[in-house]
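Here the structure comes first, spelled out in structure tokens, and everything after it is commentary.
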Amino acid sequence: MSHGHGNEGAVKAILYAFLANLGIALSKLAAALYTGSGSMLAESIHSAADCANQVLLYMGMKRSQRPPDDRHPLGYGKAVYFWSFMVAILLFSMGGMFSIYEGVHKLYEPEPLKDIHIALGVIGLSILLELGSLFGAMREIKKIRGETPLLKWLLHSRKAELIVVFGEDVAALAGLVFAGFFLSLAAITGNPVYDALGSASIGVLLVVISIALSVRIKSMLVGESADPEIEHTIHKQIEANASIEKVLRIITAQLGPDIMLACKVKMKPGLALHDAVVAVNDLEKSIKTALPDVRWSFVEIDTMD
């Protein structure tokens with residue numbers, strides 16, 4: 001697994017998603033207004049919300065790169081988690097709840113649909129654009145996750161912005177499939193109720209995905225340790241130091257793209273103070289060489305935990 005910041009890759013993934021969603025939102029809105037389809041209107045709102053979300057994600061990434069100051073001595077890295085959480089909330093409210101509302105409204109006040117084939121054509125084009133966005137996101141994720149299985153990476157990665165982009169792309173594709181399915185039923189049966197069911201189904205899908213994203217990102221906001229693989233590498237670096245007898249404790253904190261390390265070690269008996277200081281400095285250098293994401297390291301010498 002790669003442990004680089006991956007900021008450039010995340011920006012690319014956000015750009016792919018923004019451009020795709022902008023084109024899709026406009027085409028869906030035009031189709032919704034022309035055909036009167038509630039499913040298409042729900043999908044156009046979903047894509048417009050996704051565009052706003054990509055802007056928020058980009059803002060979060062830029063804010064997380066601000067240098068540390070007196071008020072935030074460990075930097076602004078966790079800002080990306082806050083903005084990612086806001087994206088999940090917008091996906092829930094703007095996308096999910098509005099789509100459910102539109103579906104219920106159309107269910108009680110169904111309106112005749114016209115030229116459904118136009119809406120289905122827009123859905124087909126949108127699927128192609130969303131696939132392009134999804135493949136772009138997966139390509140950037142692959143650079144970071146290496147050989148780690150995708151599901152395992154999604155469950156354990158600290159790259160909130162990429163997790164959100166991937167979740168949005170999957171939700172968008174699934175929503176398009178739902179819209180296409182229910183619009184096809186409406187076209188075959190001539191019953192606009194299926195279109196209303198499609199809109200409500202899309203809303204439920206978005207609510208479920210937004211809740212899943214919120215739960216995952218909340219854990220990062222509260223505070224998570226670094227990836228276990230990173231902690232294992234740190235442990236190996238400490239054990240490789242000839243002046244250290246034992247690792248007493250390791251604590252890591254993931255702060256956006258950066259990592260803070262605090263560890264307690266037991267030095268070998270008879271080591272002079274100067275030699276112990278040199279050993280600690282060498283340890284910090286070796287850790288930062290092996291793991292550039294470790295921006296802050298605090299090493300305490302002790303005899304017991």
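Cβ atoms are placed via backbone N, Cα and C, with glycine included.
Residues annotated as transmembrane segment in TrEMBL: 13-34, 80-101, 116-137, 162-190, 196-215. Residues or ranges marked as domain 'Cation efflux protein transmembrane' in TrEMBL: 14-216.
The transmembrane segment (162-190) shares the most Cβ pairs under 8 Å with 116-137, out of the stretches 13-34, 80-101, 116-137, 196-215. Highest Cβ pair count under 8 Å relative to the transmembrane segment (80-101), across stretches 13-34, 116-137, 196-215: 196-215.
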